[in-house]
Amino acid sequence: QVTLTESGPALVKPKQPLTLTCTFSGFSLSTSRMRVSWIRRPPGKALEWLARIDDDDKFYWSTSLRTRLSISKNDSKNQVVLIMINVNPVDTATYYCARVVNSVMAGYYYYYMDVWGKGTTVTVSSGSASAPTLFPLVSCENSNPSSTVAVGCLAQDFLPDSITFSWKYNQSQKISSTRGFPSVLRGGKYAATSQVLLPSKDVMQGTDEHVCKWVQHPNGNKQKNVPLPVIAELPPKVSVFVPPRDGFFGNPRKSKLICQATGFSPRQVWSLREGKQVGSGVTTDQVQAEAKESGPTTYKVTSTLTIKESDWLGESMFTCRVDHRGLTFQQNASSMCVPDQDTAIRVFAIPPSFASIFLTKSTKLTCLVTDLTTYDSVTISWTREENGAVKTHTNISESHPNATFSAVGEASICEDDDWSGERFTCTVTHTDLPSPLKQTISRPKGVALHRPDVYLLPPAREQLNLRESATITCLVTGFSPADVFVQWMQRGEPLSPEKYVTSAPMPEPQAPGRYFAHSILTVSEEEWNTGQTYTCVVAHEALPNRVTERTVDKSTGKPTLYNVSLVMSDTAGTCY
């Protein structure tokens, strides 16, 4: 095996000579056609060839440095020595030696360096040698389970510029996911940084409070403990959800108690169990991070206990206990003592959107009922002010985690009916209600109608020059009321809503009572350059025929009219 190892001083004073030794093995310079070269790489610059010596003692130098260089070999020691005189700071570099071999092709000799040493760093400075001073670098951002946590170390005021960083967990397990950055000369001394990227889940779930940074330097090795980011410590909120009265099934009749611990951090939960003597029938899910847009990461966990109806009605007390960070949190539940929870039935009457009316040619009325303890006795009905009852379809949801149900009652009226001038009432009855609950909706009156202005903006030339994508913008302004529908088409065919983004209507700053919105369609630059047409269809109740459109393509570069009557649904919704 061929190896080459460079050695020499790490720090040299200006105007002094520099002597570097290359010790090699695996070949001999007394063998024909064997050669050794010296090369250097100054900081931030390309490699620079310096000198070469051959097996027959012939030597060659760089033209710019030949007056300052000498090269010699010692066959008995397998060494090549390079001497550079009158050094100065520009000679600061990493110096390499490499074996040079040659081959003959088509009558020509080709020389190449096939094996290199690892290099030795030489700093030319009038300053005194000094070991680095270390400073920890800690991330200030909140940790996210799907991201990484960055910590680092700043090494400062060291000379010469020869430093090696390594990271370890608890002084034992080596960390490989590191990044090094080039040294920087500042005030005659050097500074360098090293960074390590750790998975957030390891930081939040592990027991390590710091990582160890080892720094090797010719003037002394040093160690620094870098603390890991502090994770917010939050206690769990423990809730128990009891089964509904009709929630027991089978033989013997059984149901489930659900215990949920939420909002805690860090992740570790030492135990989650119901009662003291429960040995079976318990299923505990894995701890999961809660979905949050901001703030510290918190966690939740759910445990389910299967219980018999006889035990539940026999006044047994069930206790869910959670141990977290040395503290105990618990919640009791029994058929005689139900945990406090808001179980009042609520009713929401949801008016139809203009988009649904425009697309289906019918007006759908929706009545949502929540927090039902049972579903078999619920009834939902819609009535109109003038013509009485409207046929209503009712759908029941599956049981929610808090052991309640929800139901939806839907009714449709024909679009031609006078929705704007009539009141519609949703009526809900249930055995838990002393009297029916009612919610009434009608279209707001007195709203001025203003039809929208539609502008279609082609892709910007600067974006097309990048040859990546093309963004077409549809700007809709000055309309009232705020309910508007926007759809994109390509060559007369509707595009999937996943392919574009439409903003919510927003008030016009200079026109009170009016609104604006925009929709953005992004296609590939290749598609745009084929000349395909793209159409923005805008529907609003103030428009003639309720719809208008603008079309653009590469050849026109400006919007034109386009017949998009097919965008409207061919099948009207069913009216009752």
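Glycine is treated like the rest: Cβ placed from N, Cα and C.
The disulfide partner of Cys367, as annotated in Swiss-Prot and taken from the candidates Cys414, Cys426, Cys474, is Cys426. Mean model confidence of the domain 'Ig-like 4' (352-442) amounts to 84 (pLDDT, 0 to 100 scale). When the Cα atoms are compared, Cys320 (disulfide bond) and Gln1 (pyrrolidone carboxylic acid) turn out to be 67 Å apart.
When each of 1-97, 352-442, 452-553 is scored by its Cβ pairs under 8 Å to the domain 'Ig-like 3' (236-334), the top-ranked stretch turns out to be 352-442. In the structure as shown, the Cβ atom of Gln1 (pyrrolidone carboxylic acid) sits within 10 Å of 5 other Cβ atoms. Counting in whole angstrom, Cys536 (disulfide bond) lies 70 from Gln1 (pyrrolidone carboxylic acid) by their C-alpha atoms.
Closest in space to Cys212 (disulfide bond), of the disulfide-bonded residues given as Cys22, Cys259, Cys474, is Cys22, taking the CA atom of each residue. Nearest Cα neighbour of Cys22 (disulfide bond) among the listed disulfide-bonded residues (Cys153, Cys259, Cys367, Cys426, Cys474): Cys153.
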